[in-house]
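First the structure, in the form of structure tokens, and then the observations on it.
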Amino acid sequence: MTEMLHKTQQDSQVEIFSNCLKVKTLEGVYNLANYLADISGERKRENPLEKNGGSFVTEFILLGLTDQPDIQLPLFFLFLVMYIITVLGNLGLIILIGLNSHLHTPMYFFLFNLSFIDLCYSSVFTPKMLINFISKNIISYMGCMTQLYFFCFFAISECYVLTSMAYDRFICKPLLYNVTMSSNVCSGLMLGSYLMAFSGAVAHTGCMLRLTFCNANTINHYFCDIFPLLQLSCMSTYVSELVVFIVVGTNVIVPSFIIFVSYGFIISSILHISSMGRRSKTFSTCSSHIIAVSLFSGSFAFMYLKPSSVVSLDGEKISSVFYTSVVPTMNPLIYSLRNKDVKLALRKTLIKLGRRNLKKKMMDQKSPFF
């Protein structure tokens, strides 16, 4: 009887141990399955926003440049005129350089690309800004990210194209120019500019895509800029701010330093010109270039080279007007109205078009019986 009781106790202990082992094994398998699902991305992660009753943002509202109704209409016409000048000026330069073979030189090759960039750059956000002056402006999440990408791409491209143009002027020595600024060198500089712009735009947009935006979807700006978007995120933005400092420091400060050093050497050469009239004319041309570059790079550095916590968006919107609207409007005026070659090309093109129209009219007026 004692042996049977002892055997029963042993069987129950074995059964308990076996059950515990099964539970532990199943728990281990379950944990392992969860781990493998996590690393493979197959298991749906728990959304912390669902606990808090929040939701993902699918669209943003752009507040615009100002909320004062009295100045909305005057600002609409002001920026509309600036946009028309930007489009016509840059498009005109592109057509002139393309049609006139004597403008197919390194300097005008860079100017062609600068005009193309300014044309696209201003078109990224100016139409949306104009809409904001007359009605409520809503942009989708993907539309906002796309606008941010192209804004970064064309802004960084412009920095490097301006650097290439400054380098082109710096080494403008008749004996070395054709060798130093060959077509391969010019193409390589432009390819490098666009590659740097692509990498910088991908870095900014990638960091923005990884952020989570909760219920707040009102952007205190007239386009999807970096810092206004960072302030809406309900996640830590430390990595994104670090990327801003690195990318802006690399793509704005370094090219600006090269540009000002190049123009420093150019101004030094100008001071050695004996003719006072030629010296003042050359210095006037260089000074206008330096002003345009200073406005572009200075407003960029002022906007982005500081933490987002100290950014005053109402003040920063005014600063951003310089690098988004003023500089693209100024560039075609600076590089065309003060340029003899461009004026000559424009005159020749207008004369050619006039003769062609006159010939067409004469052909139309000619009687079919003669």
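Placed from the backbone N, Cα and C atoms, the Cβ positions cover glycine too.
Those TrEMBL annotations? Automatic predictions, nothing curated.
According to TrEMBL, the domain 'G-protein coupled receptors family 1 profile' annotation covers 89-335.
Feature annotation from TrEMBL assigns transmembrane segment to 75-96 (among others). Tertiary proximity for the transmembrane segment (75-96) is limited to same-chain residues at least six positions away from its ends with a CB under 8 Å from its CB atoms, namely 65-66, 103, 111-112, 115-116, 118-119, 122-123, 126-127, 129-130, 133-134, 325-326, 328-329, 331-333, 335-336, 342, 345-346, 349.
Remote same-chain residues near the transmembrane segment (108-126) are listed as 79, 83, 86-87, 89-91, 93-94, 97-98, 147, 150-151, 154-155, 157-158, 161-162, 164-165, 168, 186, 189-190, 193, 222-223, 324-325, 327-329, 331-332, 335, 341 (criterion: CB distance under 8 Å, separation of at least six residues from the stretch ends). Taken from TrEMBL, the feature transmembrane segment applies to 108-126 (among others).
Listed as Cβ neighbours of the transmembrane segment (138-163) (distance under 8 Å, sequence separation of 6 or more from its ends, same chain) are residues 57-62, 110, 113-114, 117-118, 120-121, 124-125, 128, 189-190, 192-194, 196-198, 200-202, 204-205, 208-209, 213, 219, 223-226, 229, 247, 251-252, 255-256, 258-259, 293, 296-297, 300, 323. Look at TrEMBL and you will find 138-163 (among others) tagged as transmembrane segment.
Tertiary neighbourhood of the transmembrane segment (242-271): same-chain residues 156, 159-160, 162-163, 166-167, 169-170, 196-197, 200, 203-204, 207, 226-227, 279, 282-283, 286, 289-290, 293, 297, 300-301, 304-305, selected by CB-CB distance under 8 Å and a gap of 6+ residues from either end. TrEMBL lists 242-271 (among others) with the feature transmembrane segment.
If one looks beyond the transmembrane segment (283-305) by at least 6 residues along the same chain, the residues whose Cβ comes under 8 Å of a Cβ in the stretch are 155, 158-159, 162, 166, 226-227, 244-245, 248-249, 252-253, 255-256, 259-260, 263, 266-267, 270, 311, 316, 319-320, 322-323, 326-327, 330-331, 334, 338. Marked as transmembrane segment by TrEMBL: 283-305 (among others).
What TrEMBL records for 317-337 (among others) is transmembrane segment. Sequence-remote contacts of a segment are chain residues at least 6 beyond its ends whose Cβ falls under 8 Å from one of its Cβ atoms, and for the transmembrane segment (317-337) they are 65, 79, 82-83, 85-86, 89-90, 92-93, 111, 114-115, 118-119, 121-122, 125-126, 155, 220-223, 225, 288-289, 292, 295-296, 299-300, 302-303, 343, 346.
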